[in-house]
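According to TrEMBL, the protein carries these features:
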- 291-308: compositional bias 'Pro residues' (COMPBIAS)
- 9-140: domain 'EamA' (DOMAIN)
- 153-275: domain 'EamA' (DOMAIN)
- 289-308: region 'Disordered' (REGION)
- 38-56: transmembrane segment (TRANSMEM)
- 68-88: transmembrane segment (TRANSMEM)
- 100-118: transmembrane segment (TRANSMEM)
- 125-142: transmembrane segment (TRANSMEM)
- 148-169: transmembrane segment (TRANSMEM)
- 176-197: transmembrane segment (TRANSMEM)
- 209-228: transmembrane segment (TRANSMEM)
- 235-257: transmembrane segment (TRANSMEM)
- 263-283: transmembrane segment (TRANSMEM)
Amino acid sequence: MKRLDPALTGVLLCVLAYGLLGLQDAAMKWLVADQSVPVSLFFRSLAVTAACLLFGRGPMVRGALASSAQAMVILRATISIVAWILYYTGARDLSLAEMTVIYFSAPVMVVVLAVLVLKERVGPLQWASVAVGFAGVIVAVHPTHAPAPTATALVLLSALLWAFGYILLRRINGRMTVGAQVLVTNIVFCLVTGGMLPFQGPMPGLSEIALMAAVGLIGGAGQYALFASFERASAAVLAPFEYTGLIWAFLLGALIWGTRPDLALILGAVLIAASGLIGVHAVNRDKRRPAPLPEPGPALSPLNGPTP
């Protein structure tokens with residue numbers, strides 16, 4: 001039997017990954033309609049932690065303990081907790097498509113933060129990418145008649161925090177394995193959200209807890225598929241397919257809640273996707289620039305934004 005081309009396999013894995021991550025977001029949106037966000041995140045993160053310990057075992061734990069980046073990973077995890085709480089609190093009043101489109105503004109914010117925080121040099125084409133992406137966000141949220149301005153602001157703030165988390169990830173890369181980062185981050189999630197449980201009212205039933213745990217496993221599978229896709233194909237090949245996340249959000253929103261994105265949301269999504277592709281082209285065109293911005297990759301997936 002003929003094996004699939006590695007690049008094609010990478011593309012298929014990328015599309016599958018964003019489908020799973022979209023399903024995770026849809027399930028979380030469903031859960032937080034009746035349950036508090038910290039409770040949902042606690043059981044979700046508990047399932048991911050258990051999966052890490054089951055599959056990673058001793059080597060993953062030793063890698064986390066031996067790393068010199070523990071403090072930075074814990075800081076990034078704390079930022080991610082705040083981002084997740086804001087994101088899923090806003091999800092109560094936004095459609096799945098709206099919250100996903102706004103989230104995809106995070107890569108635009110990364111470019112700005114890379115200049116302000118990392119003092120990186122950004123060329124005209126990357127600034128054009130920022131401008132197009134910013135225009136896409138404005139069009140998508142149409143602030144003059146936004147149905148839920150507070151929820152929109154919460155999701156935008158979460159995207160900013162995720163972008164800052166990505167900047168921290170730049171400083172962590174190479175100092176702790178991805179698996180160890182996932183483990184440490186979710187342990188921090190469990191500790192922080194677990195401390196909030198006594199203040200969250202009645203606990204969910206077993207069926208709801210099982211769904212929360214399943215959400216964590218679905219998200220973990222999506223993240224694994226995403227990293228596997230980048231092992232088989234270059235970021236330049238996969239970049240256009242990252243925006244299938246928007247398509248999955250539109251489809252899942254229509255199937256589960258019967259919502260249809262309006263013209264402004266679709267146009268905003270197109271502009272944001274175009275912004276990302278312009279950014280990829282800028283990076284690929286000028287490989288000689290000192291300390292270039294990295295090619296977009298799985299670090300900015302919606303799973304625990306940037307990574308779990």
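Cβ coordinates come from backbone N, Cα and C, glycine included.
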(request) Looking only at the domain 'EamA' (153-275), report the model's average pLDDT. (result) 88
(request) Please figure out which one of 38-56, 176-197, 235-257 racks up the most CB pairs under 8 Å against the transmembrane segment (100-118). (result) 235-257
(message) Short question: most Cβ pairs under 8 Å with the transmembrane segment (263-283), which of 68-88, 125-142, 148-169, 176-197, 209-228?
(response) 125-142
(request) Could you pull out which residues elsewhere in the chain have a CB under 8 Å from any CB of the transmembrane segment (209-228), counting only those six or more residues past its ends? (result) 10, 13-14, 16-21, 23-24, 27-28, 31, 35, 39-40, 42-48, 51, 178, 182, 298, 301, 303-304, 307-308
(message) At a C-beta cut-off of under 8 Å, are there same-chain residues at least 6 beyond the transmembrane segment (38-56) that contact it? List them, or none.
(response) 28, 31-32, 81, 84-85, 88, 179-180, 182-183, 186-187, 189-190, 193-194, 196-197, 200, 203-204, 209, 212-217, 219-220, 308
(message) Within the same chain, where does the transmembrane segment (235-257) have neighbours whose Cβ lies under 8 angstroms from its own Cβ atoms, ignoring anything closer than 6 residues to its ends? I mean 6 or more beyond.
(response) 7, 10-11, 14-15, 18-19, 21-23, 25-26, 30, 95-97, 99-101, 104, 229, 269, 272-273, 276-277, 280, 284, 295-297, 302
(request) Return the stretch with the most CB pairs under 8 A relative to the transmembrane segment (68-88), choosing among 125-142, 148-169, 176-197. (result) 148-169
(request) Would you mind listing the long-range same-chain contacts of the transmembrane segment (125-142), meaning Cβ under 8 Å and 6+ residues beyond its ends? (result) 98, 101-102, 105, 107-108, 111-112, 152, 156, 264-265, 267-276, 278-279, 281-283, 285, 293
